[in-house]
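The structure appears right after this line, and notes come after that.
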Amino acid sequence: MEGWRGAWYVPCLASHETLQELCRKENLRCKSIGITNKSLKSYEVEYLCDYKVEEGKEYYLVKWKGWPESSNTWEPQKNLKCPKLLENFLSDKDEYLSRMKEGRALKVRNSVKALKPAVADYIVKKAKQRIALQRWKEELNRKKNHKGMILVENTVDLEGPPIDFYYINEYKPAPGINVINGITTGCECSDCPAEKCCPKEAGFILAYNKQKKLKIQPGLPIYECNSFCRCGPDCPNRIVQKGTQYSLCIFRTNNGRGWGVKTLQKIKTNSFVMEYVGEVITSEEAERRGQFYDNQGNTYLFDLDYDSDEFTVDAARYGNVSHFVNHSCDPNLQVFNVFIDNLDLRLPRIALFSTRTIKAGEELTFDYQMKGSIDLTSDSADGLSSSRKRIRTVCKCGAVCCRGYLN
């Protein structure tokens, strides 16, 4: 599958452990899979796999970093210098016992002489998940081009990073779709906003107040200053283009809604939070994909119908943090169309702004059908394609005003 800007995404068929073993045999270094000069010459504990007591001594089965599982060894507890990994081991063990209702969570030491295979298996899976999520977090933060950090958290189940999802920062046009930035001129303002600033030239008012917070009603478009404008980066009409300013966390929900997104910082009312990006496809292609997504119960198609219903944004495989934002019938985010370097009315950028003050630790949500505060008769993004939905999806948002279904 062709990637972004001509790159190619080719899935690796070999496991992480197999690649490590091959690198060792060929004496190759590969930092991304933990094979470095240091790991080739020394042993570092990656995680603990099992526990036993022999002749009164405690032993832990150690998975060595950069070495295949076939090289695991039993090591006495006194030799281990990894308190955090030991803490993870004990915590995962207690968590499993508690969930399985095998009695109260017991302390390993002085309690048992060996773990049951099911317990050890869970501990290994949890350790592998923790490593996979850490790698995913690092990958997301390498690829994102905005200020805010992205964290990843799963304290609910053993689900790891999504398969076949590629992080992008802007629209990815599907083959045959040309997104041309037609801007050749910009405003001459030295102190925006002025009489002939970008929004006024387009026939609209400036979207932001002096505090750089949104002041327009849902349904109205946002026209920001562009790359040809005379004003500098501190211009109050450059907000969405600066990207997400908040640190966010992709987390596993505990009520069957899969992944979600929460903010790690307080967000004030009418603040820009993030863009909704994905693959830009035709409405015909969206119709075809929609049938497949219906059967899966997923909703990633966002119609762009500000001027026409020609294009749709599909964030199923290509997207950013917004891919993981859940629906709510009482959301704290609102969708707005934004035009910056591309004034093609068929291809507005989709920005999510806060509708109220959002506390640190609170989940971010938007209404997939955008009912409520938005004027549905106005020219606005149409939301995650309701017209294509043939199979009704039960809503689990839990809001008092919940409509019962996502579509």
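The backbone N, Cα and C atoms fix where each Cβ goes, glycine too.
The Cβ neighbour count for CYS198 (Zn(2+) 2 binding site), using a 10 Å radius and every protein chain shown, is 28. Residues annotated as Zn(2+) 2 binding site in Swiss-Prot, with similarity to another entry given as evidence: CYS187, CYS198, CYS225, CYS229.
Secondary structure at CYS189 (Zn(2+) 1 binding site), as computed by DSSP, is coil. Taken from Swiss-Prot, the feature Zn(2+) 1 binding site applies to CYS187, CYS189, CYS192, CYS197, CYS198.
The annotation Zn(2+) 3 binding site is assigned in Swiss-Prot to CYS192, CYS225, CYS231, CYS235 on the grounds of similarity to another entry. A sphere of 10 angstroms centred on the C-beta of CYS192 (Zn(2+) 1 binding site) encloses 22 other C-beta atoms.
GLY258 (S-adenosyl-L-methionine binding site) falls within neither a helix nor a strand when secondary structure is assigned with DSSP, and so counts as coil. Per Swiss-Prot, the feature S-adenosyl-L-methionine binding site maps to ARG257, GLY258, TRP259, TYR300, ASN326, HIS327.
Residues or ranges marked as Zn(2+) 4 binding site by Swiss-Prot on the basis of similarity to another entry: CYS329, CYS395, CYS397, CYS402. Taken residue by residue with DSSP, CYS329 (Zn(2+) 4 binding site) is part of neither helix nor strand, so it is coil.
Assigned with DSSP, the residues of the domain 'Chromo' (43-101) fall into helix, strand and coil as follows: 23 helix, 22 strand, 14 coil. Annotation source Swiss-Prot lists domain 'Chromo' at 43-101, citing sequence analysis.
Residues or ranges marked as domain 'Pre-SET' by Swiss-Prot: 185-243.
Positions annotated as domain 'SET' by Swiss-Prot: 246-369. Looking at the domain 'SET' (246-369) alone, the prediction's average pLDDT is 93.
Within the same chain, residues 255-257, 294-295, 297, 299, 326-330, 365, 368-369, 371 sit at least 6 positions outside the domain 'Post-SET' (391-407) and bring their C-beta atoms closer than 8 Å to a C-beta of that stretch. Summarising the annotation, Swiss-Prot assigns domain 'Post-SET' to 391-407 and lists sequence analysis as the type of evidence.
Shown for the domain 'SET' (246-369): DSSP residue counts in helix, strand and coil, namely 18 helix, 50 strand, 56 coil. For the domain 'Post-SET' (391-407), DSSP puts the residue distribution at 0 helix, 2 strand, 15 coil.
Most Cβ neighbours within 10 Å among the binding-site residues CYS231, CYS395: this distinction goes to CYS231.
Taking CYS231, ARG257, GLY258, TYR300 as the binding-site residues under consideration, the smallest Cα distance to CYS192 (Zn(2+) 1 binding site) is found for CYS231.
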